Amino acid sequence: MAGHNHDHSHHHHDHAVKIDHLNRAFIWGIVLNITFVVVEAAAGLLSGSLALLTDAGHNLSDVASLALALLAFKLTKASSNRSYTYGYKRSTILVSFFNAVVLFAAIGFIVYEAIERMITRPEPVPGGTIIWVALTGIAINGFTAWLFMKDKEKDLNVKGAYLHMAVDALVSLGVVISGAVIYYTGWYWLDSVVSLAIAVVILIGTWGLFKDSLRLEMDGVPKDMDIEKIRTELLKSDGVIDVHHVHVWALSTTENALTAHLVIAPSAIDSFDKIKHDLRHRLEHLEISHSTFEPEFSLTKCEVPEC
């Protein structure tokens, strides 16, 4: 097979700047959330509020998820070796999938605790304490979500972190509302109802992350990438008369790869290096940074059955 491409130097520079920016965002998120988890858990234990305790537990899972995501980004910078020829880029996909699984586990715990408390007698909880702690949560989670907002559509791992933080801010808003209602009405059962509502919100936000990360784990074509559009783009290069056996998959949450068989016109055989260069440039605009081509000439026949 023909060799694969090398990114342009400006692309490396932009990628390095992005990684440094995200490193800072993850570190800020981890420090702020660890601090908030300690405060919220203490308030939940002292007040007996299930809503605060479940939110603290969810925030703790966020800290673990952010730490793993940061580790994955560090690993993407590690060099490849004989055992891992692509390096450790795929760890970002593993972390995204793990994030979704952790969130599903958190949902199960919240639902179990909320239903158990609703069946038994709802315990009195101080609405004022709930309000002030949850307001702090809105500020911290909202700020952390803002740090990831710019890059959330470019990287599934960042999207996972953004979802965690945005959902947490929304959850804290729900806790504020329940705290206010409890404070003025004494409806203590509302604490458990809000916990169930939290679980539903988390489930909705998590399903998309789970589906997208599972797709990448199974080497599926990355979301929003049209395989037919890619085929059409490959055929635009002068000298390429047919394209088949096209495979596209994700190396990480930010890098995609392609392999393809290209049928080259007899008159263009000597121009294959030029064709490769042209195609790699075209593919970079389609978010494919690693490409490998197998040339076939019109007089030869592909020996691979799937062709």
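Positions of Cβ are set from backbone N, Cα and C atoms, glycine also.
Automated prediction, rather than curation, is the source of TrEMBL annotations.
For 29-215, the entry in TrEMBL reads domain 'Cation efflux protein transmembrane'. Residues or ranges marked as domain 'Cation efflux protein cytoplasmic' by TrEMBL: 222-285. As annotated by TrEMBL, transmembrane segment applies to 25-50, 56-73, 93-115, 130-149, 161-183, 189-210.
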Secondary structure content of the domain 'Cation efflux protein cytoplasmic' (222-285), with strand meaning DSSP E or B:
28 helix, 20 strand, 16 coil
Below 8 angstroms Cβ to Cβ, which residues of this chain, lying six or more residues outside the transmembrane segment (189-210), approach it?
49-51, 54-55, 58, 96-97, 99-101, 103-104, 106-107, 110-111, 113-115, 117-118, 122-123, 125, 130, 156, 159-160, 163, 166-167, 170-171, 174-175, 177-178, 181-182
